[in-house]
Amino acid sequence: MLSAPSSSTTPASPPTSPPNTTSSDDFAVLKEPKVEAILNSELGLAILNDRIKDYLLTCKELAGFFKKRSILEEESGKNLQKLAKSYLETFQSKHHSPQSFSASVITSMEIHEQLANHSLTLQKTLSAFSDQVIEFHKNAERKRKSIKEYAKKQENAYLEAVMQMDKSKSRFKGAETEYNRALDNKNTGDSQKKVGFFKPKSNAQLTKLEDEARLKAENAESDMHSKIENAQNVQKQLLCIHRPNYIKQFFSLQREIESSLIANYLRYTKLCESNTLLNGLTIRPQKPTPTNCGLQHALDNINANTDFVQYVLHASIKHEDNKNPTDASKTKIIQPPSSYGTGSSAGKTNPPVNPTIKVTAAIPSPLQNTNPAPSTFPNPSVASPAFPNSSTSNPSTAPASASPLASTLKPSTANDTNGSSSSSSSNPRTSSPLASNAENKPPVAQQSPPVLLPTLPPIQTTTIQTSREVAPPPSSINSNRAASPFRPTSVSPQPSSPTKSLLFGARLDAIILREHSNIPNIVMQCTSQVENFGLNLQGIYRVPSSSARVNMLRSQFENNPLLQLHTPEDYENDVHAVADLLKIFFRELREPLIPDNHQRDFIDAGNVEDESRRRDAVHRAINDLPDANYSTIRHLTIHLAKIKENSDVNKMSTNNLAIIWGPTIIKQATIPEISSFSRTIEILIDYCFTIFDYD
């Protein structure tokens with residue numbers, strides 16, 4: 001006789017975490033008439049078990065949320081920490097001068113490091129939350145199985161008692177029938193006649209048969225009464241003890257899971273609030289301190305005027321050794337009196353000329369003019385080589401670095417100004433280094449006879465100016481360029497690299513992240529069009545389309561990855577083009593739909609001989625895929641299963657689909673590996689709704 005299991009001996013009540021705090025008032029909901037009638041029926045066990053499974057699924061999803069949130073916080077914290085540390089080192093190494101702006105930026109980078117540390121702390125706490133919820137889920141799952149096993153044991157005991165009762169009733173009815181037949185034979189024994197070779201039974205034989213039938217019927221009746229009594233007792237215990245017991249255990253487990261979920265989510269909300277508050281106080285504390293001043297207070301300490309003064313003083317000290325020996329602010333330039341002879345220009349005063357030292361290094365040549373030009377250096381201590389006319393070189397092409405000769409020259413003093421001015425005024429070509437060739441020509445009457453000289457290579461000229469020069473006008477630049485024997489080399493523009501597609505050849509997870517969906521839009525559009533207009537199309541995915549239509553449809557998706565296909569007119573009524581585009585998309589993924597590090601699992605699963613074991617191996621390999629790949633291959637497999645259901649019309653069996661899609665989903669595989677993977681595709685299609693849940 002079965003009895004109700006006690007809480008100390010039955011495995012149906014394992015230790016709970018958190019402890020069960022279900023009070024008697026909580027069980028009042030079980031006393032409602034409709035609820036009590038349903039739970040005490042045969043449906044009660046299945047309903048309560050499904051309820052607990054739903055809660056456990058929610059618990060598992062919550063643990064997954066905590067885990068993924070911790071991963072995001074870890075990535076965010078590490079990236080922010082790396083970024084802040086990098087720029088903190090940059091500002092500390094490059095900005096040596098004590099400036100308030102640099103100090104404020106450094107303080108802000110330190111604050112960002114604190115924010116990164118907060119994110120890492122939050123990540124550790126969330127990871128601990130996830131581990132705790134997963135551990136609780138495992139314990140609750142064990143308790144659910146234990147309660148279910150106990151409940152099924154009691155239900156099966158009752159069903160077994162009822163079945164034994166029915167069998168005993170059948171045996172009693174059979175024995176009763178035999179007894180009645182034996183009694184009838186005894187009563188009609190005197191009138192029996194010989195039939196064939198068999199003699200009629202005697203009265204003694206008929207009496208013996210009657211006694212045996214009566215004894216058998218009495219035993220069957222006794223067994224039937226005992227089985228009926230046993231079934232009644234088992235039913236009474238089930239309805240009064242066992243069934244209410246496991247209903248309460250299921251209900252208590254449900255309350256326990258509810259309490260755990262609410263408590264953990266409440267801890268999560270408090271953690272988010274505290275982390276947000278901590279970040280806010282770090283960014284803007286209520287009472288700024290030297291160690292925690294906040295971003296706003298750090299920016300308030302910026303003083304642009306003080307920074308400018310400190311920078312100028314610091315720069316003056318830094319450039320003390322590299323200052324110009326001729327300071328325009330400390331040099332007094334006197335305009336000497338000059339006489340330009342008779343003519344209309346007599347009595348006029350030339351504008352002041354910026355003191356300029358020109359050093360022209362001539363290239364020795366036997367054809368060079370032996371008559372030296374008047375030296376522009378009045379100082380006799382400096383040897384004046386034969387310099388050609390300075391107008392033959394363009395000052396704009398002077399190199400940036402001076403020649404060694406220029407470093408030994410000194411600018412003209414006030415005593416030498418007359419000589420240099422008169423020499424420069426007597427030669428109009430040296431009066432201004434910025435004048436153009438056309439403006440420097442003297443009047444026709446004053447020009448000397450032309451002297452034919454051979455063409456010399458360009459002469460390098462080094463010019464040291466003691467004051468700021470004004471850029472030459474565009475006309476002068478153009479004229480000098482025209483006179484120059486050199487021409488700029490025309491450089492053909494480099495062809496621009498083709499624009500990288502954001503869809504074809506990209507990573508699957510990047511596409512899904514960019515589109516904010518679980519499945520790429522192009523996959524959704526292509527599969528929906530094939531299911532709506534191509535299920536009955538013979539040779540779908542096997543018969544190719546024209547490349548022009550496929551390329552046109554491809555360009556449309558490249559220009560707009562979120563393109564929507566509504567009617568067959570959007571792709572010229574060619575469903576084969578849509579099917580080809582879908583295969584091209586999966587074939588050109590940067591990483592195949594089955595990643596390289598998972599391909600071996602699928603290939604090994606296809607090599608398993610037993611079909612049920614091969615299905616289990618494929619199921620395990622599918623569950624190990626990343627989320628993006630799992631959702632996409634799930635959608636594709638359900639789509640191919642729909643294609644296979646119409647194989648009588650479209651002639652695309654499971655084997656045909658596997659042969660076509662095997663090389664498309666994986667890459668860099670040998671022929672035997674592709675053959676094994678094709679068997680894996682067949683398992684996916686045939687057992688689609690066993691491996692995947694159909695939503």
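The first residue you see is number 1, and the count goes up from there.
Cβ from N, Cα, C; glycine included.
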Practice item. Consult Swiss-Prot and report the residue, out of SER345, SER390, SER496, annotated as phosphoserine. Key: SER496
Point to revise | Selected residue, Swiss-Prot feature phosphoserine, from candidates SER97, SER432, SER484, SER497 | key: SER497
Point to revise | Cβ-Cβ distance under 8 Å to ARG542 (site 'Arginine finger'), same chain, at least six residues away | key: MET652, ASN656, ILE660
